[in-house]
Every structure is written in C-alpha cells, then in structure tokens.
C-alpha cells in the first residue's frame, strides 16, 4: 500500500485495541426503529389491530364489538358483540391476480361445523345456533323464498369450517376448495384429478418429506467438516472437467463446422443453400469464440495453478475452524429464526396498516373497503425501507459475528488460550463496539437494493407494454445494480473482517480491505472462482443424495403414485439448507483469506514477526518461497551465463 510521507501506514494490531465505531449511524438506526415502532403504535391506536385480529364484514363493522354508523352505508353500525367470527359467503371465490377474496363477509356467532346443502339447512342452523349465515337484512325464515338469496346467502353447499386460532375467520376444513386455485396455476395439467392426487400425496408423505429435510441438514453439517479432506479431489476434478469440457466443446464446434461445409453443395435449393450458409457462418463464429475462450481459460488456469493450492489450503483450514468452533454451524439457525420473527412482525404491521385506512364504499359492489391514502402511503414506504434495511442488518450481524470468531481463531497463537465460546465473545464485541459499522454496511446495500427492486417491479408491471429498447434498458439497469450489490456485499464482508481485526470504522476498514484485496487480485479470483464452484458442487452433492434417498423412500409408499411435488419440495429445501450452511463456510474462507493476506504482508516468519497462520497455510507459504527462490536462482545463473558468454565473445 503506497502512502504519502505525512501519512503513516496502517498498523494492523489484531485483537489488541477495541473502541466503538460509527456511533452516529447507530443513533440514526435507533431513530429509524423508533419510527417503525411509531407506525405500529399508530396502526394499533386507530383500531386497525383489532380490526385485523377480530375481523370485519363487508359493511365496515368489526366483529365482536359495537360499531358506529358509517354515513352512507346502510348495514353498518351493528352491534356484533355476540358475533365474533368472520364468515365468507363464497370462500373459494378468490381473485388470484389481485390476491384478495371477492366474497361478501359477514359477522356470525358460530362457524358451520357440518355441511349445509340447502337453504332449509341454513335456516335450521340459524335456529339451532343463533348464527345467521345470510345477509343482515334477510331473516332466517326468508332464506328459502327471498328473491336475492343467491347473492345474499352463501354458495351451496356450505362446507364445514373452523375458526383460526388467533384470527377469527371461518376457513373451510376441506382442502379440495383450494385445489381449484392450484389448478389455475398448473395450466399444463389437463386432468384436474391429478392436482387432487398431488395435494393428497403431499399430505400422505409429510413424514417422509420431514425426514428427508432432516437428512439434508445432517449432510450439510457433515460436508462442512469433511470438505477439508476432499477439497483437493474436488478442486482437481473441477479443473479436469473444465479443461476437458472446454477443449471438447471447441473440438465439437469445429467438427460441426467442417461437416456443414461438406454438406453445402449445388444440389440444394436456393432457400436451403441460404439456410446452410447461415448455419455454417454461425458455427464458424461459435467455433472461433469457443477457441478464444478456451485459450484464455487455459492461460488463466496455467498462471493461477499455484494459487489454486491456496484455495485448497484455505478449505483445509476452514474445516479445522469448524472443528474448533462448532457453534459456527448454528449461525444459520439463529439468523433464520431472527429473520422469521422480524418478518412476522413486519407482515403483521403491514396488515395493520392495510386495515387502518378510511372506509370507502365501492361503486361496483356497494361493499366497504379500507383505502390507504395520504400519510398512510408514506408510512407503507417507510415500512418497506425498514424491511430491507433491518433484514440486511440482521445478515450483516451474522457476517460480523462469524468474522470476529474466525479472526480470534486465526490470530490466537496458542489455541488453548482462546475464549471458551469465541462465538459468544464475538457477539458481545459486536453489541458493545461495532453495531454502528454493520448498520452503515447494511444501509449501503439498502441504497442499491431499493432502486433495483423498484425497477424490477416496473419491469413486471410493464411486461408486454413497453418496446424492446425500453425492456433492454430496464434489464441492463437491473443487472448492473445486481452486480453492484454483489460487489458491495463482498466488500462489506471484508470490511467487517478488517473491523473485527483492527476495530476501525466502516470506511477505514473498507479502504484497508480493498487495498489488501487489490494487492492479491489473482488470489481473490482463484478463490472466488474455484472455491465457489467447489461449494456449488457440494450443494449439488447434498441435493442429489437427498433426492436419491427420496426416490428410495417414496418407492416403498406404493399407494402414492405422484412423486413430482414431494421430490421438488425436498430438493428445494435441501438446496436452501445446503446454501445456508455452505454460505457460512464461504464466509469463513473469505475471512481466513484476508487474515492470511494481512499476515503475509506484515510478517515474514523472522523472530518478532512470526506468522499467525495454520500449518497448512505455512506449508503453502514455504512452497511458494522455495519456488520463488529456485526461480530467482535460475534467473541469476542465466544472467551470469549471458555475462560470461558476452565477455568471451568480446
């Protein structure tokens, strides 16, 4: 790192000094969360919480309480103290595009627990239970003869329903009602009975699905420990596959080009001759491009072959880290649990806001809906920003926690002197000193993610309406923002590592980490390419093993013939589990690399400047040093021979 005469070079003092970083950003984040809580309090104070939990009918009345009259709404202002449940006249009538139920809702005192096939059954149910299932202006004795009974009474037959535990809604217990929606999404199914068999099969195989998901979890944990023993094999298999695949693909393209050249002759018609020449030209372009790509790839692999050994060594040490710090494997659990709790809170407040608006009667239906106008819309936008920022903050806390634990492991010479629980120590350091740093890093990601999501939403809304140029520009902007987000995420991770080492603020840590990464650009490229692909192979291995076990398990359940959906569920879940755990492994590798780069930059193994690194990394350094010395000696002998030859000629 070049420095001016007046600027001192960065002195890396791992774990020696601790101080609070980025305090203004922490204060800003606290104020932002106070605003989030104020929005929640506003929604509760305006009655939206009770309206959401207790439910409300299509005329603006909240179930389970007395209601004030809404001007212009004839059936509003009812006393529903005894009517605590929301009943939908047609619960299966859902507008999929608008994601809302189109049915009229009423407040009733009891959900129907048996099937009601006729209007006489509705009258009997009302008489026996005091629960009127038709509109408030229709008396029970008029259910069979009322001229508007088709619209004011429920659709027959009325399926048995039960109320939700917290939200007082009468929901049909028969899933066949909801199978109709699956049929709307699964357009390729011509036989509707297939959908019913699939849904029933999933319910039948739920024990097998849960067992296979647990198997994916166990396989992920095992792979994180044993990957250090198989990393050498995986890396060289990957290298062989890439070399053979690129050379073989290039050879096939040239063979196809030659074969098409021979097939072009005068016996073809004019149209066939034109098509053949176009194909021949396309194959020539593809073959040339593949040749250039293969040559560049082989040259890169040749120059980076020694750096692949560093990737193998880092994987080996990362496996050791997990054996010394087993609580690292639990980080995905805590992060996922925290995210789920926050998302549940966020969705609940959003639903509060959705029912906190002013009541408005729809002209086409005459029913009441609550509209979010004016300040409520700004609250929703504020709430949406909170979703992204706080979610990124939670993920950043995970990264900082892992970085702090790995830094403690790396820079502790005597491993027996490490804290009893480095993970807990890292969490405490984060909460005491560095919350402002992760807040700032999360905010930077949020600034990039918000416009990307807005452009993605605009692109989805304008699909089929915009011209090709606008569509291409939108996709290009989305792609550029996505790439920028990934680069910033990687830089943030290394900034957190630098903060964990040196206790510097976010900008200083990001600058120092960027200089270190720039000095080791080829090593970074090797680790991110080879390492990421090895981890991808690990994910594929876990998904394949889980899917194979699923086929064997479902094979013994002969009464269930449709295997597609359970296997898809298992494969998706196993990939997500493998991604969560191996992403922790990836973070560990990235942290180890930055620690290694700092270690080799400021230490040389001499007395007083001993290396901190593990034995595997030490062997890599020694091998690299011997190779460098051998190369320097060879170059010196060559120069000496040239000098002797020149003097002899003279």
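Using N, Cα and C of the backbone, Cβ positions are placed for all residues, glycine too.
Because TrEMBL annotations are produced automatically, they should be read as predictions rather than curated entries.
Of the given residue ranges 489-510, 511-532, 533-554, TrEMBL assigns the label transmembrane segment to 533-554. Of the candidate ranges 168-187, 188-207, 308-327, TrEMBL annotates residues 308-327 with the feature transmembrane segment. TrEMBL lists transmembrane segment for one of the ranges 128-147, 148-167, 208-227, namely 208-227. In terms of C-beta pairs under 8 Å, the stretch of 23-45, 380-411, 431-455, 533-554 lying closest in packing to the transmembrane segment (208-227) is 533-554. Through the fold, the transmembrane segment (308-327) approaches residues 224-229, 231-232, 235, 239, 405-406, 409, 415, 418, 421-424, 523, 526-527, 530-531, 534, 585, 588-589, 592-593, 596, 614, 616-617, 619-620, 623 of its own chain, all at least 6 residues removed from its boundaries and within a Cβ separation under 8 Å. Contact between the transmembrane segment (234-257) and the transmembrane segment (23-45) does not hold: fewer than three of their C-beta pairs are under 8 Å, each pair 6 or more apart in sequence. Long-range neighbours of the transmembrane segment (283-303) within the same chain, counting only residues 6 or more positions beyond its ends whose Cβ lies under 8 Å from a Cβ of the stretch, are 239, 242-243, 246-247, 249-250, 253-254, 256-257, 260, 522. Of the recorded ranges 23-45, 333-359, 380-411, the transmembrane segment (431-455) has the largest number of C-beta contacts under 8 angstroms with 380-411.
Taking Cβ pairs closer than 8 Å, the transmembrane segment (23-45) reaches residues 349, 352-353, 356, 379, 382-383, 386, 389-390, 393, 435-437, 439-440, 443, 506 in its own chain, all 6 or more past its ends.
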